[in-house]
Amino acid sequence: MISSLNPLFTTHRSGVIAQQFFASSAAASINSVSSLKIAACSKTKLVDQSPLRQSGNHQLLSSDFNHLQSLKNDYAEEKYKSRCEVLKEQVKMMLDQEMDVVNQLELIDDLQRLGLSYHFGDEITSVLSGIYNRKSMNKMRNQWGLYATCLEFRLLRQHGFDVSQEIFDCFKDEKGDFRPSLCEDSKGMLYLYEASYLESENEESNLEMARRFAAKTLKKNLDEKRVDQDLVALVQHALELPLHWRMMRLEARWFIDIYEERSNRNPILLELAKLDFNIVQAAHQNDLTYTLRWWRSTCLAEKLTFARDMMVENFFWTVGIISDPQRGNGRRILTKVVALITAIDDIYDCYGTLDELEVFTTAVERWDVNSIDQLPDCMKICFLALYNFVNEMAYDALKEQGVNIIPYLRKSWADLCKAYLQEAKWFFSGEVPTLQQYLNNAWISISAPAFLVHAYFCVDYPINKDHLQYLDNYHKIIRCSAMILRLTNDLGTSPESEVLNVGDVPKSIRCYMKETGACEEKAREHLRFLITEAWKQMEEAQTLDSPFSSTFNGIAVNLARMGLCMYQHGDGHGHQNSEPRDRILSLLFEPICCLA
């Protein structure tokens, strides 16, 4: 439970959260899994009866195994990698050369948005450290104006530097309000809006005030057509969802097209961005074919006919969370984790009786293959697939690092299954919990803690034994990431019909409405407020409190971003409309045209 989110019904100003954020959620397709359950199953015994089983009505991206196995990407060839290395050296020279501070910041910002910054981590840190430690910066800021100040603030905070929000006080009048004359500077307003999302918990409301002011101004300037044409797409994009909340790999694909149209584009950066995108895509395709072969070898798709067979979608999650090409092994392991989570989720959602689910949960808690004898064969196979996967992962860790990680992996799966079981009990009893009761369980049932525990052992090498207690207790950064993922999921998968169907598994919107008597829109507004508060907590957790590496912290943040990516336009995981499909195709299967 995230104790700091306890005051769930406190009167609040929701502020301005991205103008189109989940605007279409009410029209999204509901996750039909829960509506397929039959309450009569709650009384079904394991023997002497054959309960009626339901199959999920899932609308998924086609995963033609033979076609996907035959994928061939020319950008895996050495000649493209060699050209990429030449371009990287030229960019390093740019970062090393003397230039105006604002130009340095703009170069770093472009590298990040083009998806190239992972190549230049040391160089970027060196440049930003120099800017941060320069004693003359306060005098320079007075000459910069709003745009450059906001850019500096955002980049420094993104990279963990302690920058006070008082940096914006020089743009306020004697009453403490932002000066009205700033409204004429749409570029400055855009960058103020983006910077305002780098807000930490327990800060004064300066950044919230900045966000409201900037959003209102940008929307007004758009309506009155007072935004420069080369900024219109960027402003609309930001108001839909802020940069800091976006899935960065998808953002890179979008920004490459925007950057190409800029009059001041750097041809070296543009060529490198396109080439690197395609090379990384080739690496991702290689990882995808590996995980597809693994999935076929488990036979889970054939044995669990009611479950979602969606390895492409599962892999898309891991690409959004850990996209660097050198992290292929971690991507493969985590795709397996997502696949197993999806299969087990469907067992609890649309297959198992309550008695069977209790047996399955106990077996996972005890980590005991002898506990599954009474279960249907498909549930036995699923348990053994999980059992073998976890034990194999733990074997590799023990062999290579001398650390037994089974207790931590087991606990994460046991906690997940217990949370699934609690939801099943609520369904079978027809009970609608309070919002706090729901969230205390739901941040675990969204599966983020289990995913992040496995992610830690994939990316932090060698394993730091001092970190394990924080992992076992689900450190704040894990809980915040999980809460954001849960709330975005609920916003994206809870249309009006879900609220009205008494038999469905309750979600946060329905819980809030029942407890407070609020209308659906007020409930959604409250969830958006909770998402913003969780982001503030996560900002503070990763900069001040987290014992983990920056790599792991980044994965936790990226998992939250994936929630916004997948559920922004409805249920992008279980019921895809054209938007999620197009995103998957553009990232995994469609290279960018690179002219020779």
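Keep in mind that glycine also has a Cβ here, set from the backbone N, Cα and C atoms.
Going by Swiss-Prot, these are the annotated features:
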- 1-39: transit peptide (TRANSIT)
- Arg308, Asp345, Asp349, Arg486, Asn489: (2E)-geranyl diphosphate binding site (BINDING)
- Asp345, Asp349: Mg(2+) 1 binding site (BINDING)
- Asp345, Asp349: Mg(2+) 2 binding site (BINDING)
- 345-349: motif 'DDXXD motif' (MOTIF)
- Asn489, Thr493, Ser497: Mg(2+) 3 binding site (BINDING)
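Secondary structure at Asp349 ((2E)-geranyl diphosphate binding site), as computed by DSSP, is helix. Here the C-alpha separation of Asp349 ((2E)-geranyl diphosphate binding site) and Thr493 (Mg(2+) 3 binding site) works out to 14 Å. If you compare Cα positions, Thr493 (Mg(2+) 3 binding site) sits closest to Arg486 out of the binding-site residues Arg308, Asp345, Arg486. Largest Cα to Cα distance within the recorded (2E)-geranyl diphosphate binders Arg308, Asp345, Asp349, Arg486, Asn489: about 20 Å as a whole number. Under a cutoff of 8 A between CB atoms, and with a sequence separation of 6+ in the same chain, the neighbours of Arg486 ((2E)-geranyl diphosphate binding site) are Leu439, Ala442, Trp443, Ser445, Ile446, Ala448, Ser508, Gly563. Listed binding-site residues: Asp345, Asp349; maximum Cβ neighbour count within 10 Å falls on Asp349. The Cβ of Arg308 ((2E)-geranyl diphosphate binding site) has 23 other Cβ atoms within 10 Å, all protein chains considered. As a whole-number mean, the pLDDT of the motif 'DDXXD motif' (345-349) in this prediction is 95. DSSP classifies Asn489 ((2E)-geranyl diphosphate binding site) as helix under the three-state reduction.
For Asn489 ((2E)-geranyl diphosphate binding site), the same-chain residues 6+ apart in sequence whose C-beta sits under 8 angstroms from its C-beta are Ile446, Gly563, Tyr567.
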